[in-house]
Amino acid sequence: MEVPKDQISTLLDQGLYSSAQMLGCFLVSSPAANAESSPHLKSESLVLLGDALFREREYRRAIHTYKQAMQYYKIIPKQNSTTTRSSLQSNRSSSPNSFNVSAINENEVKFKIASCYCALSDNRAALVEMEGIPSKARNLQMILLMGKLYRYARHNRAAIAYYKECLRHCPYVFEAIIALAELGVAAKDIISLFPQTPIRSGKTPFDHFDSNRWLLRYVEAQCCIASNDYKGGLELFQDLLQRFPNNIHLLLEIAKVEAVIGKNDEAIINFEKARSIDPYLITYMDEYAMILKKKCDYSMLNKLVHDLLNIDPTRPEVFVALSVLWETKDERGALTYAEKSIRTDERHIAGFIMKGNLLLAMKQPEVAVSAFRNAQELRPDIRSYQGLVHSYLALSKMKEALYAAREAMKAMPQSAKALKLVGDVHASNSGGREKAKKFYESALRLEPGYLGAALALAELHVIEGRNGDAVSLLERYLKDWADDSLHVKLAQVFAATNMLQEALSHYQAALRMNPQNEAAKKGLERLEKQMKGVDPDAPDDDEDNEVDDAEGDQEETELL
């Protein structure tokens, strides 16, 4: 009895993978697909069954099936010469039992096996399969996968070569553009790869480039972001958005950069705009969840997580968003979700950032260092540097903290946040406070609206007994930026100077803005003790932890 082989292809094309898998079992076990008499048919049938298993996400079964197909495929050449002669002597039949040259493509099967390994995060095994495909036989899809696998293996030079090859074939492989930018290739070098032959419309290469100027701007924007020139990258993306209004990809890229550099209000607007256009978005929604948590907008955060779970509960972004939501309830539960996001995608940067921040909050800075290092190796941004500095400070490793802060300053010379990081390290010991003050002031000159630097400078004023300076600085910011952290800091300063009524007023204002503000809650408890005449704090011994680095000091002065 014959099983119609072509019907499996039809079922696969129609997306009926389960039925295709069942039919494949009949085909593989049919007498017509006998391994000895018809190895070509056996191998073809096994590849079709493997395709059905792949589509059903049964990757290990698919690998096993594809490899069986390859074994039978290797038998065919041995029989080819004798069988072909006999088949030529008789009329060819359309029956599957008749001999025909096998329709399977060995290189395509190897690619399918590699794709299965990638889905299982076994990138090393995938690379072995891909390296078995001759370079001349690789199509664009295969070349792109080679680039990704070499990048995962940290063979960056080889990865760059394959990504460049992608763009020589087609300039619109956006994954290759972004990867090359992140690997440090200059925009002009990426653009030079684009094909310069006349196109079918008859336009000259110059006219073609002029009409595709948007693509060149996109390359420049990605290179700016990758080199931590966030301001330049945002300007280029926003120019593109004017030309392509409501472009979801551009809105998400802009919102993500704004989230990284702390422009939270602008990021929320762009994330919401993207979601209003496509409510089923998942890309970068974990970044959005982190911002909503910072803004203490828990109703929006709850709604976002609920929506994401209904869209696709298996994505790493959803696990990070769940981790953000659980952080306020159960830090260990939140950590479990963060780790689950990394297991789902071991290159998911937001998962490592979230894990590091949770470990830091749980007083496990040594493990947090590892998480932030992982994030930094994938793609360094200000958040991984901040995490490393704060982790090293928690471990009292001042030299390592200073080194990480200076690395951030070198990587992002125009970043107020990087300057503040160096200030934070110096402020951690009494001998470095004057240096810290200079760095905080430089950060505020570079970015006058940076509340983090303003709060840190105010704290420094308080430590050195300049409470009046702290109050005037904070009140100046309070006129333009309504923020609960400003009220908390003012309340702390007033409490320290025994202006208890003013302190009470600001703690209450902070809690009205953010009822979940833990610092405000604890501050109120301390204030009650003060009002009762009880000293709320035991005196702390000041530990002098000086960092000596003359060469570094000179380097900082030059950067400032």
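Heads up, the Cβ atoms here are built off N, Cα and C, so glycines get one too.
Taking DSSP states H, G and I as helix and E and B as strand, the compositional bias 'Basic and acidic residues' (523-535) has 9 helix, 0 strand, 4 coil. The compositional bias 'Basic and acidic residues' feature in TrEMBL is assigned to 523-535.
TrEMBL lists 537-560 with the feature compositional bias 'Acidic residues'.
Summarising the annotation, TrEMBL assigns region 'Disordered' to 523-560.
Taken together, the residues in the repeat 'TPR' (484-517) have a mean pLDDT of 83 on the 0 to 100 scale. Sequence annotations record features per position, and here TrEMBL assigns repeat 'TPR' to 484-517.
Mapped onto DSSP helix, strand and coil, the repeat 'TPR' (484-517) counts 27 helix, 0 strand, 7 coil.
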